[in-house]
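Database features, via Swiss-Prot:
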- 393-472: region 'Type E motif' (REGION)
- 107-139: repeat 'PPR 1' (REPEAT)
- 146-180: repeat 'PPR 2' (REPEAT)
- 181-216: repeat 'PPR 3' (REPEAT)
- 219-253: repeat 'PPR 4' (REPEAT)
- 256-286: repeat 'PPR 5' (REPEAT)
- 287-321: repeat 'PPR 6' (REPEAT)
- 322-352: repeat 'PPR 7' (REPEAT)
- 358-388: repeat 'PPR 8' (REPEAT)
Amino acid sequence: MSSVFPGPRFLSLLQQNSKTLIQAKQIHAQLVINGCHDNSLFGKLIGHYCSKPSTESSSKLAHLLVFPRFGHPDKFLFNTLLKCSKPEDSIRIFANYASKSSLLYLNERTFVFVLGACARSASSSALRVGRIVHGMVKKLGFLYESELIGTTLLHFYAKNGDLRYARKVFDEMPERTSVTWNAMIGGYCSHKDKGNHNARKAMVLFRRFSCCGSGVRPTDTTMVCVLSAISQTGLLEIGSLVHGYIEKLGFTPEVDVFIGTALVDMYSKCGCLNNAFSVFELMKVKNVFTWTSMATGLALNGRGNETPNLLNRMAESGIKPNEITFTSLLSAYRHIGLVEEGIELFKSMKTRFGVTPVIEHYGCIVDLLGKAGRIQEAYQFILAMPIKPDAILLRSLCNACSIYGETVMGEEIGKALLEIEREDEKLSGSECEDYVALSNVLAHKGKWVEVEKLRKEMKERRIKTRPGYSFV
């Protein structure tokens, strides 16, 4: 680099073109040497550091830009760090700062970014930190002043499955935009439950929105969420009425691929395949999800033999089936017990469509074979797998062994499954099923002493039997 300090525009261009951590460090060094304090450049540099694979070096350099030796960090740079970091890192950075500094220094965007991180994080601490942030924004008066914070908070609770608190935040908001309504309706739709209570709540809330939304108009996102709720409940009559309402709003499925795909999915899952096909054929633009919805609809409605032809049409149109396509189709075949068709489809994934099967696809085949009583075939299929079977797959076969009396194999698989669970320090929520599956197999063999040992271990690990699960 030249010893003459380049202007901000030149540095900005160089920043955009820097591909490696070394180049970013060189730019960083020039900024420090020449006393540059341009926050927009620092912000880009932070984004660059955070985009690189997580290393101690890049993390420290990003922190150096944000946290001075004395005093508070710059708000813009602090928020940029929260926004650009991985969710778990954002939560840790915020928690560390909030524990040592005044909350009054934080602004609206700080809370939006950290709540967004809590919504995206898979960490067990995300829900706890999010609740703490909820208390902070309420204490500072941001909650009812900022529609953005309210909506982000609602989204956070919905993503974490706490729909009761999400609804509480929604009901307390003084004003609601279409984004707010969509977040709450979408939250209900994305958490399927036994009896479809959440889907019904979504439909009731949509009716309230369409009738008295205080001048706020439903968007295409709203309608996609509502169609998803109808798909879950199977209420065809309401689905047809909503289709008419969609046309009235001006969202035409012929050109709106998201609305069109949602309609295809809704009609298919409500058992009205003719209407699904009508919408499908009218659509001028189709994406991979459109084709997947139509193919899955065929399988679910007993016309799985037509699926291969539709997949060929899909490939000829220039759209290649992907992992999601085959997961959806194999799940449908599993649901209605199309064993041979499922096996043929699985074989065609790699040979005809070039899609490498992943654990979910293998799991569908094992479950399909297990439910059909073809236990030995399922076991041999697992042994031939090029990837290690997971707990879900083993649990499926263990349950099948219990149902069909394959006690020797069931005991072997059940014990292997419990070993996986014992090695995992965190409770995943599925341990009850594993203990029950193994205990049922042992009970069939009359090994009551071992059944009692399992019960004792469950007590020690504080694993409770769920209502509806057999524990012989």
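Any Cβ shown, glycine's included, is placed from N, Cα and C.
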Which residues of the chain, 6 or more past the ends of the repeat 'PPR 3' (181-216), have a CB below 8 A from one of its CBs?
151, 154-155, 157-159, 161, 163, 166-167, 170, 175, 222, 225-226, 228-230, 232-233, 238, 245
Under 8 Å Cβ-Cβ from the repeat 'PPR 2' (146-180), and at least six residues away from its ends along the same chain, one finds 108, 111-112, 115-116, 118-120, 126-127, 130, 133-134, 137, 186-188, 190-191, 198, 213-214, 216-219, 221-222
Secondary structure tally of the repeat 'PPR 7' (322-352) (DSSP, helix then strand then coil)
27 helix, 0 strand, 4 coil
For the repeat 'PPR 1' (107-139), what are the same-chain contacts with Cβ under 8 Å, counting residues 6+ beyond its ends?
75, 78-79, 82-83, 85, 87-88, 90-91, 94-95, 98, 146, 148-149, 152-153, 155-157, 159-160, 162, 426
Under an 8 Å Cβ to Cβ limit, what residues of the same chain, 6 or more beyond the ends of the repeat 'PPR 5' (256-286), are close to it?
220, 223-224, 227-228, 230-232, 234-236, 239-240, 243, 246, 293-294, 296-298, 300-301, 303, 317, 319
Mind checking which residues of the chain, 6+ beyond the ends of the repeat 'PPR 4' (219-253), have their Cβ under 8 Å from one of its Cβ atoms?
178, 181-182, 185-186, 188-189, 192, 196, 199-200, 202-203, 206, 209-210, 259-260, 262-263, 265-267, 269-272, 275, 279, 282-283
